[in-house]
Amino acid sequence: MSDVAVAETPAVKTPTKASKATKAKATKIPKVKVVAAHPPFINMITEAVSNLKDRKGSSRVAIFKFITAKYTLGDQVNKTNAHLRSALKKGVVSKVLVQTNGIGANGRFRLAVAEKPPAVKKAATGEQKVMKTVAKKAVSGDKAKKTVAKKTGDKVKKVKSPKRIAKPAVKKVTKKAAAPTKSAANETAPKKAAATEAAPKKAAVTKAATKKTPARKAVGTAPKA
């Protein structure tokens, strides 16, 4: 039997996910955040214009001098001018700056006047307050009317008392009673007159009777003598 030599092939190692992750982390370089040595150009421009206080407006050259004197902008003058021009144009477009004369970045610049909020809101709030106060006054007026109505109702009830109703009734009764007294007086007056007229007739009769009686007595007494 002849022996056959078998050649062994080396095992190939497959890369794992962990090895890929470590390689990726090794290749990435952390970025260092560069802190700006100065604020944005528009902020520096507004500061320069407010401090320069030029009636006609501050020129780009005056603004550039103020910025470079206060902040460290580096030695690249052309780059600084380019940033300054673009910031001036953006300031005019955004109405932060007003260009008094010139075109583009050339000329003079002033700060835009801050627009006051419309007074309509204040007027509206004032109207609301007035409406509230008027409503309160109206409510209080209604309450006052109710109280006055109650008071007047009480007064009317007091006025309609039985005493005042009884007084005119008494007056009417007295007037009616007075009328018959007058008629009675008129009726009694002729009766009294008739009685007075009838009285002398009786007196005359009595006189006649007295005259006749002594004549009869004289006739009876004559034979006795």
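Cβ atoms are placed via backbone N, Cα and C, with glycine included.
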- request: For the region 'Disordered' entry in Swiss-Prot, name the matching range from 1-23, 70-92.
  value: 1-23
Field: Tally of DSSP helical, extended and coil residues in the domain 'H15' (37-113)
entry: 40 helix, 11 strand, 26 coil
Task: Take the domain 'H15' (37-113) and average the pLDDT across it for me.
output: 90
